[in-house]
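**Q** Okay, here's the structure, questions in a sec.
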Amino acid sequence: MPFRRSTLNHRHRDGHVLVWDQARDQTPKRCFATRYFVTFMLFLGMANAYVMRTNMSVAIVAMVNHTAIKVNDEEAVDECGDRDLPIDDSQDGEFAWSSSLQGYILSSFFYGYVITQIPFGILAKKYGSLRFLGYGMLVNSVFAFLVPVAARQGGVWGLCAVRFIQGLGEGPIVPCTHAMLAKWIPPNERSRMGAAVYAGAQFGTIISMPLSGLLAEYGFDGGWPSIFYVFGIVGTVWSIAFLIFVYEDPSAHPKIDEREKKYINDALWGTDVVKSPPIPFKAILKSMPFYAILFAHMGHNYGYETLMTELPTYMKQVLRFSLKSNGLLSSLPYLAMWLFSMFISVIADWMISSKRFTHTATRKLINSIGQYGPGIALIAASYTGCDRALTLAILTIGVGLNGGIYSGFKINHLDLTPRFAGFLMAITNCSANLAGLLAPIAAGNLISDHTKPIMGQWQIVFFIAAFVYLICGTFYNIFGSGERQYWDNPEGDEQKAALSNGANSSPARLSMPQAITATESRQ
């Protein structure tokens, strides 16, 4: 359904302000614009969030007494007889937790995480995103200090409870970040800035995995507890700084350059006033482009969480890497993903600004790289067997290509509806993490059967994740869209306001054509 747009002020294509129109605005020439600082802080916030999610994946390798949980020595058998790569049992930890139990521990974080997605998406729409994001991450960071005590004194259930609360605190991170991006970033910068922020996930993983491995090996208080102490301090510092120095939107910032504020608001809303109408629930639930994002997000999370939570275990069980090198090598795929997401985001913005590709075509093409790439790589990696170098290379390339999703479905919410993007992200991220929390549980149960070859069990894990990637990516290509939806039409708000004002001020109500004419005459 096309919008009525005033050609006197803004020219549009696909429901977006054209890039070359935005460029004509007198964008501030400051070296470091305020929106770049906000983007940088959101990047660090996303990095902190993923540090809290991934450090347990490495820590649990050091926490578990692998010797104690071997069943008939099946787990110690190396299926590649020509390799002299024994596991160093001196790395065994304090707890005799089976593979299936480890899966439940790793997933406990996500139970708390998914519960808060939609509530915070709705609350952020009504009350703003800043404080929910800042205080949520502060809770996450403070409870990180309690992980060692909970594990040692409370056992599995105590540890799961603390990780659950950490998940509750981290729940606002994605919907609130998306809502703030919608208020701060003009359409012609979305791919770059969105990718920059969400690439913080890879940056956090890159930092977390090798540093966690080193802390587990050489850290204080037995090694692995220092992982949670160190990252807890970092997260607390970021949360406080974010609450002090970042503001909800350009209009709320007391020191932003007036030209930059006008540039951002004009590009986003067509006016320097941000409008916040009620959420159109029914229209959203009937929108196929919304469901395309939803399924793409769910497929991505299942595959990504399979790799993120299980890759350190795979490195130890199958590839036979030591704990110290485990964290470093496990982070290589995410380094590739971070670098590729930055590169492909520039390409995506060029595709749109050059007018050679529509928003829809750009999102689908880039997203196909981001979801088909890792799906194919997982299938290939399941057949590499004993070749450690080739397996690691394929996984690195596959996860690297996954970086395309940030300029694909992940930023697509902002295309469909800038004003309700945070709420849409809350729904899709909640559903995606429900799918994602199944990944460590499924993997843990599949690899816990010691009567079968370990490589064959991991092959099943990889095949399931690849299948989910490919199916959900295809659904997105069929039903996805990059056009702003009819139910997010700022001029529709004006028409409703005109009708309402006419009804209250005059006995003779305006008809719809009269209201539209009146609206256009004011523009």
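Residue numbering: from 1, along the chain as shown.
Including glycine, each Cβ sits where the backbone N, Cα and C put it.
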**Q** TrEMBL lists transmembrane segment for one of the ranges 284-304, 389-409; which is that range?
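**A** Going through 284-304, 389-409 one by one, TrEMBL flags 389-409 as transmembrane segment.
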**Q** Give the one range among 32-51, 101-120, 195-215, 227-247, 389-409 whose Cβ atoms make the most pairs under 8 Å with those of the transmembrane segment (421-443).
**A** 101-120
**Q** Should the transmembrane segment (389-409) and the transmembrane segment (195-215) be scored as in contact, given a threshold of at least 3 Cβ pairs under 8 Å and pairs 6 or more apart?
**A** yes
**Q** Return the average pLDDT for the domain 'Major facilitator superfamily (MFS) profile' (34-484) as a whole number.
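**A** So the average pLDDT across the domain 'Major facilitator superfamily (MFS) profile' (34-484) works out to 82.
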**Q** Using a threshold of three or more Cβ pairs below 8 Å, and leaving out pairs closer than 6 in sequence, do the transmembrane segment (458-479) and the transmembrane segment (195-215) count as in contact?
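**A** No, the stretches stay apart by this measure.
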**Q** Counting Cβ pairs under 8 Å that sit 6 or more residues apart, are there three or more between the transmembrane segment (32-51) and the transmembrane segment (227-247)?
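**A** Yes, the transmembrane segment (32-51) and the transmembrane segment (227-247) are in contact.
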